[in-house]
Amino acid sequence: MVVTPTMSDDDSQEAPSEGFGPSKLGVRTTVDAPLSASQAIEVLQAGNRRFVQGDVKAGGLGPDKRRALASHGQRPVATVIGCADSRCPVEQLFDARPGDIFVLRNAGNTCTHAEGSMVGSVEYSVLNLETKMILVLGHTGCGAIMGATKLFMERTAFKYIELTRQKDAQESEQPPQPCGCKSRSTLLGLLDALVPVAEQACVELGGGSTEEIAAHAVKVNVWRTINFLLSYSLVIREKVASGEVELQGAVYDMSSGAVEFLGKSPKQAQLLNSDAHVVPSMQA
């Protein structure tokens, strides 16, 4: 893929194979046609290669391009669900500019909490912005995944002790005190919801250290988020089933800067038969 040359605000058209696709106004707006899923993934891959090589071309936007985005709306090439980690800025690692990517971020790139906001936003991007590629992007060294893995390991290690403490408390008629008790918080609730990811990673590996399980859990979590989207969004299922939209996973390596593209979920064909229309928290 050809690297995008630096453009002035007077330039009106990019070559179709460059940058983030054709842009009649120098930025991606509603006057431009949507990119196909295959075109979008090629653009993301090319942008990441430029980022890794230190040959970024995105730069800033001049007044004319900012006004174009404000006046003519957005036509991003892809929707990306990424992690809130400040070391993983989605636009930068794909060498993108404002208007190029529709980005959703939270700790752990997950749909375990406030899932209506995440899923609804993806549906909006597909229906209104006409993005054809949905990418769930995890990353190495994810703090949310490591926290959930430590919580899982702690619970596993203290399971027998906790049962013993509860039994002793019952015999002495004293209320049991949880081993390794922590103050309840929203953060702990988020990590608790990610514990099944660590548990599945442990099962798939057949055991391992906290670091090994957490590293594998990053990919497990990517698939989990993708599978959640397929399970609870009729809009996404229909678009994917028709071939109009693709839903893929990827992992960003913070050390190398490279993004590993994982492709589609192994469970996609099965989940396309789901009959759920809305996320659990919004079901009547």
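Cβ atoms here come from the backbone N, Cα and C positions, even for glycine.
Just so you know, TrEMBL annotations are computer predictions that nobody has curated.
Under the heading Zn(2+) binding site, TrEMBL lists CYS83, ASP85, HIS139, CYS142.
Taken from TrEMBL, the feature region 'Disordered' applies to 1-25.
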Exercise for review: Within 10 Å of the Cβ of CYS83 (Zn(2+) binding site), how many other Cβ atoms can you find? Include all protein chains, please.
Suggested key: 24
Practice item. Please work out the number of neighbouring Cβ atoms within 10 Å of the Cβ of HIS139 (Zn(2+) binding site), leaving out its own Cβ. Key: 22
Exercise for review: Could you name the residues, excluding CYS83, ASP85, HIS139, CYS142, of the same chain that surround the Zn(2+) site, i.e. Cβ within 8 Å of the Cβ centre of those residues, in sequence order?
Suggested key: GLY82, ALA84, ARG87, CYS88, GLY108, ASN109, GLY138, THR140, GLY141, GLY143, ALA144, ILE145, VAL218, TYR252, MET254
